[in-house]
Amino acid sequence: MKFMNVLYCAICGAANTETDTICFACGNALLHSQDFDEPTQMQTITILEGRYRLIDRVGKGGFATVYKAEDLHTKRIVAIKEITLKKLKPQEIIDATDTYHREIRFGTLLKHPSLPEVYANFMDPEHWYIVAEFIDGQTLEDYRQQLPAGLLSLQEGLSIALQVCDVLSYLHSRQPPIIFRDIKPDNIMRTRTGHIYLIDFGIARQFRPGQRRDTQTLGSPGYAAPEQYGSAQTTERSDIYSLGATLQALLTGQDPLDADVATAPTKKPVTLPAELSALLANMLAKDPAQRPTSITEVKRRLEKISSTVGDTWLTAQSPVIPPPPPPPPSTPYYVPSNAANVKNPASQPKKLPAWLKVVAIATILLLVTGFGNVALSTFPHFSLWQHVEINTGPPVMLDRVPADQQVLNIAMNSATQEPLDPATVQYTQSMQIVSMTSAGLVSFNDRMEIVPQLAQSWETSSDGYTWTFHLRPNLKFSDGASLTATDVAYSLDRALDPALKYGTAPYNLQYIQGADQRVSGKIKTLIGQSILTPDDNTLVIKLSKNIAYFLDTLTCPCASVVEKSLIDKYSQSFTDHLSEGGSSGPFEFSPGTKQKIELVPNPFYYGSKPTLTKISFTSYVDTNTAYDSYRVAQVDFVDNIPASMIDKVDQNTDFHQSLQLSTTYYAMNYLTKPFDNIKIRQAFALAINKDLISQKIRNNTVLPTNHIIPQGDPSANTSLSGPAGVTTTAGDPVLAKKLLQEGMQEEGISSMQAFPSVTLTYYKSSSVAVQNEITAMQAMWKTNLGLNIKLQAMPASTFYNKVSNSNDARNIQMWRIGWIADYPDASDWTTLQFGQGAAQNTYAYGQNQSKAAAHQQEIQRSLARADVTQNQAQRISMYRNAEQDLVNDVAWLPLYQSYDYYVVKAKLHGLNVNAMGMIAPEDWSSIYVTQ
Ligand SMILES: Nc1ncnc2c1ncn2[C@@H]1O[C@H](COP(=O)(O)OP(=O)(O)OP(=O)(O)O)[C@@H](O)[C@H]1O
């Protein structure tokens, strides 16, 4: 007789028999052991990371092989770059680490239509992988080889050069500027429709010495500017040189490597227009000082050449090449500048050669089929036509609608509505409104860089303890009253007032000298102590610690300015009177209602005025209702689309997603048994298959993770291992069981019956996914460790109170919670969570009786050292090392990182949600509505 084994339902935890397929209790499909299995060896040849099905090998660089693949989770086509470590020498591995991270960081943070987006990265013991936007095209080097005489037409060369100017101008305008340093035909890809991409942010450029055409440390021979060979620092002008060399090579066939070589093969000379020859000579000047001063200047001159060179010259001089496919069958948002009066014969529709018809039909099909839509969802922030049009000239914009129609309607979740006091707002949507109406000294832009707001400049003392901010002159609140350093001082001090419960200032502003005493009520004000106003335009802040990320902390809403006269008049109910004044951001409040908040441009705002003339936030009880309103065009923007709705909308071109600095994790209290034992903590972590939770419960709408510092943060560590060296997010039930037994032995727990009772506490949520996630976790602990975990749900306020109160926290053993970055700095994920005495260290990391406490205190000291380390690279490396220890000790059991899913009407342009779920204040001046 065969005994039936028990199979616990991953959704409700009920015990079923092994042969069941449907849970008798909840009716959900049961997960059988094969569902948990890793892909087989056979599959790993074609399926990477359990989700990327390799389709084709599309390229090979020095150390990287690039594959076309299908992401089985998102159903999109991606490029996977694979670096094989065993081929690298030890020094090369060190260099590769740096450049691998650089490629991921740039690819994640930089957003431009000519830069492929990086979606993810992962690794196995022998390889590193980067998953990026797939470019359906070829390098310019390959492309030109196929052309008659290997030359591009003047017209196409100019179009490409102008596109490179655009992307370089974007890179050069970052702060600090990014110099690409490796512009060459091999690193520019061209799609069939003529759109170009820059590839290769240097991942392999240091690893191919000795080959004539290979990238070397300093750039590519011939294309690299002379100063890249010497000790001089490369600047924007080095990229100008490389662009000059590239354009010259594409148009004339003159290989820059051959330029100075006596034996260079003689080629039939190609005559270029005099203005272009002069510009190229200028760009290729050996002395950087003789080159054009900026890429903007190069672009201006190229545009002039493009518009003045006659058609006769173009047709007479250009080699004959097939014309590009016709423009898409609809009005593009961007149209060629000469569209109204097309003269250029090469850009006019012609009878197509047969092969081009195939391309053209395929292009049209791509646009109208679901596949086209999938591809579109990979370009969240740019209009469709920007990527598919054949743009022969500089783009011009279609007409915007008149000012009275420049209106944006945003859906707002009524459940998370709260008083809009900058010092106390907790929810992202309130923070969004505050960021539009209240300015601080500094803020973030959409690339998460710090930019000046009320302060136009600042400096620090040599010891880093004193910061002096210089305000812009003549600042005003929205009621016309002057805004001076006194107002900023008042606002910072008020945010630390103990009367304001639940604000974020107690930890965000904790490093202002005396902040702790102000928060505990021991002192009444910091003004005149550590916050000084020597004159109306100068604010001095003294710190208790010279933390390297002080400016980041000032980007928080709690550091935004409020108007004292309004608060004096109405006390805490001033938030009911915001239309009377107090705004200092691009918008001010107009008298709205509780259900509909309305913002209009602030006439006294110091910066560029918004184009939008009205923004309405309308309350909805749930996202389904909000989305229904969106479909009938009552609202234009719905944020935070829940996972359950993604299937309905993710094929739409107006659907967007943005990876958030936001992680859901399970916390375990070091002060309670059994969680004072590291092996038992590791067992709990490795019993969980995070991939399965993502797939079966979250419909693949989250990113399973072992990380504490999330992806997208500049310090995210792509080489991180999970607990006990396990690298996958699928867990390891066998190792988990072994670790549990070893942990029990260390603790003298002789049997499962003697195992301490464990309760998981969580706040009651109406979300079915949260409930399912918790019961699935419970089922996995039962199945893989044989432990029965009790569940305890409580209202959110009781829960948060219990967790944030350290005495009560001792009564909580394990709880489910999440963290959203206050700012993109590793300290927000490490020191703030696990530092000695840190506000969020409710797990008693370091300060406990466990055997590991001494080691934990060592980590706390290293975090404290990292906080004051001013060398950024060194700081990042210190946080990464600490994170590896924290992950190994299961200081958190991170489950997944979230995406923000949102829909926005195509008529809105420039709207971009950043990694903290926000639209940056400086973006508002470039958001507008077209027909
Ligand atoms: N995102 C992408 N989509 C499609 N193909 C790509 C993509 N990125 C790279 N390729 C292809 O793979 C080839 C190699 O890529 P890449 O140049 O980035 O590798 P590499 O090893 O870093 O190169 P190098 O040694 O020249 O620095 C490219 O020439 C191109 O053909």
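Cβ coordinates are placed from backbone N, Cα and C, and glycine is handled just like the others.
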Candidate ranges 210-231, 562-583; TrEMBL annotation region 'Disordered' resolves to 210-231
What's the number of neighbouring CB atoms sitting within 10 A of the CB on K81 (ATP binding site)? 25
Reduced DSSP assignment, K81 (ATP binding site): strand
Over the domain 'Protein kinase' (52-314), what is the model's mean pLDDT? 78
